[in-house]
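Enquirer: Next up is a structure, given as structure tokens.
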Amino acid sequence: MSFENLHKVNAEALEDAVVEICSSLQVDAAKLDELTAYFIECMEKGLNNTSVGEEKTVDKGLPMIPTYVTSLPNGTERGVLLAADLGGTHFRVCSVTLNGDGTFDMQQLKSKIPEEYLNDKDVTSEELFSYLGRRTRAFVRKHHPELLKSTGENIKPLKMGFTFSYPVDQTSLSSGTLIRWTKSFKIEDTVGKDVVRLYQEQLDIQGLSMINVVALTNDTVGTFLSHCYTSGSRPSSAGEISEPVIGCIFGTGTNGCYMEDIENIKKLPDELRTRLLHEGKTQMCINIEWGSFDNELKHLSATKYDIDIDQKFSPNPGYHLFEKRISGMYLGELLRNILVDLHARGLILGQYRNYDQLPHRLKTPFQLCSEVLSRIEIDDSTNLRETELSFLQSLRLPTTFEERKAIQNLVRSITRRSAYLAAVPIAAILIKTNALNKRYHGEVEIGFDGYVIEYYPGFRSMLRHALALSPIGTEGERKIHLRLAKDGSGVGAALCALVA
């Protein structure tokens, strides 16, 4: 029996099943309106809420964490500063030279975080931050050896900004306690501890006491500040100066930030709010932590695959449900779960009689990465040959042409939902801040980073289409400039340190 005959299934039944699944992933204009309105409501509640954490309380709203960043750079800043960046998979240490003309020079050491720190629950916070301290010393030894040779009064201290891309309760520009891990980390004893203090202690142990961690930020705020610095006073297409309004990340995770009027941030202590306003500081950058939007699922749709991924495979069940529908970490996992289900229903991969016979990689959570989906998304080759090769290489999984057509339809629906949901917080912020109507033309800039929005084929186009369908409409979408903020977390952390 030939391979194709062995795999032959009821094509009509498979097609019907895929149509049903794709339909469950659709986000139409009405749903965009509904979600955007609720997002604004959750922003308002979050700005007024003084409790800490991300408990699933309907009235709590979004975290809306004050960052204590009260001004934005304009490209004229100068100086040499250090930055450290702990992301979802890598740790970077950077030396950033701000040239004062919207440009910068950077030296960096990037290290892949060892698997044991990501997946082992027995790892302690001391072990993790000791690793960060050792990698920082390796960077200094390579790029700033003069710091290690200096002694006593000859030591010239260097400011460092620390980009920590996880939810923290930030009480000042230079301190913040971890609320909870997201993405891959599971080190429970870090929760509730000041991450700046943990890092500074390990730097001191490594003989790097000349480095002062003076600013705590996250990748999203860093991206926003970096974008503001490099864009300077860029004229818009209408001849006006376009205004930076939002910083956002669409990569392993997703999040956003924006400048909010201090008088609206009721969660700040009254005396602090009064003092800032007296000092002439009228706005503060708010870290939204929008990955946790609608954890109660009051308005977000949930397929059975979303529920399974959250409850069975994610490191933080019940939290960051919005992120689990958008971010690159979960796109491939959603497809993997759908394929396993279609096999269980006897609609695909008929050569494997039961679940146990399926290739190990197809049964392994998070084995199917978004890079594979990106190749499938744009595959227009004869017989979908690129899709066939991608599955053979990534999962050791042979497929028929009918199966590949079904897989491509699923991939396109998964990523379209991701891009459409990504438009919700952007539209909500623009409406809440009235940014599109502040001036005659009202053109705005959105600084972004993350491999999904930067590299995934068609993601930005789908995002723009969703924005046009959202409450801001076609006219609002046309006023938006999407700008890539490369190396945002490193440069942004340095900019935070500069003003500390």
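Count begins at 1; order follows the chain as displayed.
Glycine is treated like the rest: Cβ placed from N, Cα and C.
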Enquirer: Let me know which member of K60, K110, K112, K121 Swiss-Prot also records as binding ATP at the site of D487, G488, S489, G490, V491, G492.
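Expert: Among the candidates, Swiss-Prot records only K110 at this ATP site.
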Enquirer: Run through the region 'Glucose-binding' (159-185) and tell me, per DSSP, how many residues are helix, strand and coil.
Expert: 0 helix, 15 strand, 12 coil
Enquirer: Which whole number is the mean pLDDT over the region 'Glucose-binding' (159-185)?
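Expert: Overall, the region 'Glucose-binding' (159-185) comes to a mean pLDDT of 88.
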Enquirer: For G488 (ATP binding site) and S470 (phosphoserine), what Cα-Cα distance in Å is obtained after rounding to a whole number?
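Expert: Here the two Cα atoms are 28 Å apart.
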Enquirer: Given the ATP binding site residues K110, D487, G488, S489, G490, V491, G492 in the record, what is the largest Cα to Cα distance, rounded to whole Å?
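Expert: In whole numbers, the farthest two Cα atoms are 17 Å apart.
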Enquirer: Rounded to a whole angstrom, what is the C-alpha distance between D487 (ATP binding site) and S470 (phosphoserine)?
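Expert: A Cα-Cα distance of 30 Å.
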